[in-house]
C-alpha cells in the first residue's frame, strides 16, 4: 500500500482548522478553495507537557464525599453511620494519645542517649560566654534531649547556682528555640512517600526553622551589641513586685503520665547536677529506680584541725587534743521502688535509650499513618468543606488582616494546653501535607499557627518560673521573659507586613527542592541541626580568632551568592555576562542532578543487595513515569499537527480502509 501524502492525509483536519480560524481563506459558500495555502502546523508540545488535570502542587487536595448523603440513607444506614463515626472518633483520640505519648518517650530516649553529654556541654562556662557558642550549644542540647523545656531548666539551674550570668544565658535560650523545631521536621520526613505531600509537609515543618534562624540572625548580633533583651526583661522584673505562685498546670501530663511512667521514668536532676559541676552525678543513672524516698537530716560530730575551721554559729569544743564541731548530714532512705518496665533491668542508659528510640519511632510512624487514614475517612463531604473554609478563609474586608493574629492566638492557646510546641507543630504537619487526601491547613495559615506555638511554649515557661523558690525567682523569670520577648520580636520582624513573611517563601523553595530530591531532606536535617552547630562549637573552642577567620569568608561568600541570584532573576543586565548564570562553574557546584545520580545509584545498589523495598518503590516510580511518557508519545503520534510538512504520514487503519472502499 502506498503512503498517503501529508497534505492529503491531514487535509480534513487542516482544512477544518484553517476554515475555522481563518475565515478570509474561504469562498462565498464557506468552503476552502482547492488552491488555498495550507498553513504550517505548530507543535502542541506545550499542551501535552502541561497536563490539564495536573494542579498546582501547593494547592490543597480537594476533599470529596464518595459515600451516600445523609438524606439518602434509611434508618438503619443512619444508625450505622452514627455508630461508625463514634468508633472512628474514639480510635482517633486513642491514636492521637499514643502519638503524644510516643513523643514523650522519644524525648526520654534522647535524654538517655545524650543527656549526660548535654550536661558536659553546658559545664564549660568559658565557652558559654561567647554568644555564638552559647547559641549552638542551646541548639545541640535541645536536639539531644528533644525538649526545650529541659534545656531551659538546665540554664535556669546554672543561673540560680551562680555558674552562669543571665546575659550569657540569652543566646542559649535562642538556641533552644531553634532546636525544638527538629521534632516536627522529623515527623515531616515520614510523609516522603508522595512528592506533593512531602513538598507541603516539609515546607510546613521548616517554616518554623526558617523563622527561628532568621530571627536569630537579626536579634543575636543586636543582643550581643546592646543587650536589649536583657535590659528590657530587667526593667520588667524590677518594675513589678512579682511573687512566687503555683506551678504551671499539667494539663496534658496528667493524661499521658500513667502510660509513659509505666514505660520509663527519668531523674532529670542528674543532667542539671552534671551541668552545675557535681562530680557525684556523673556516676548516677538517669533511669529512676526509687520513686519514693525520704531525706533524713541528722547532726553528726566530726573533728576539725583547729577552732578556726569551725563554722560561725555552730557548736565547737576541744576534748583532749582534738577539736570537735557539728555538721548536718542528709541521708536518703529509699522507701518505694518504681514500677516502670526498666526499673528492674540491669541495663546501661545507652542501651535503654536505643531500645526506647526504636520503639518510640515505630509507634510514632504507625500512629501517624493511622491518624491520617482515619482523618481521611472522617473529613469528607460537607464537614471537610466547612473545616477547610473555617481554617483558611480570611475575615471580610477590611478586617482580613485580623485572621492571622487570631491564628497566632489559637496556636498559643493550643500549645499552652498541650504544654509542648513540638506536639502541636507535629500534629498539624499531616494536616498541611494533605496525606491520603487530607489537606485542611494551607502553608500560609500554618505559619501564624506556628508563631503562636512559639508564644505558647514561653507562657508555660513563665508560669513554671513563677513557681520557683524566692532566691531563684528573679533569674528564672528573667530567662523565661527573654524567651518570650525574643519570639515577640521575631513575630514583629517576620509577620505584620506581608512582604516580610520571608520564612514562607524560603520554606516553599525548600519544599520544592526536597520534593525533587527527597534525599536532600536528610542532608538538611543533619546540616542545620548537627554538622553546622558542631562545626561552630569546635571553632569556638579553638578561640574567637579561628571562628572569625573561618566564618567571615563563608558569610561574605553566602551574601555574594544571594545577591547574584537575586540579580540574575530580576535585573541580569546589570551583571557581567559571565555572572548572568552559573554555567561557568562545574555542574556539581550549581546543580543537584549529578549528586542525585550518584545517590540514587547508591540507593539502587543497596536495594538490590540489601532489600527489595527500594527496588519495588523504584519499579513503581518508573512505571508511573513510563506511563506518563507513553501517554505523551501517543498524543504526539496521533496529532497530525506534530508531523513535518515533507514527512509522509501513515494514516490510521480506519482511514486506510475508507480509502480502499
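Using the three backbone atoms N, Cα and C, a Cβ is placed for every residue, glycine included.
As annotated in TrEMBL, transmembrane segment covers the listed stretch 132-156 rather than the other ranges in 132-156, 232-256, 257-281. Among the residue ranges 307-328, 395-416, 571-592, the one that TrEMBL annotates as transmembrane segment is 395-416. Cβ atoms under 8 Å from those of the transmembrane segment (132-156) belong to residues 106-107, 110-111, 113-115, 117-119, 121-122, 164, 168-180, 182-183, 216, 220, 268, 271-272, 275, 420-422, 457, 460-461, 464-465, 468, 472, 475-476, 479-480, 483, 529-530, 532-534, 536-537, 540-541, 547, 551 of the same chain, restricted to positions at least 6 beyond its ends. The transmembrane segment (86-112) makes no contact with the transmembrane segment (476-497): fewer than 3 of their CB pairs lie within 8 A, with pairs spaced 6 or more apart in sequence.
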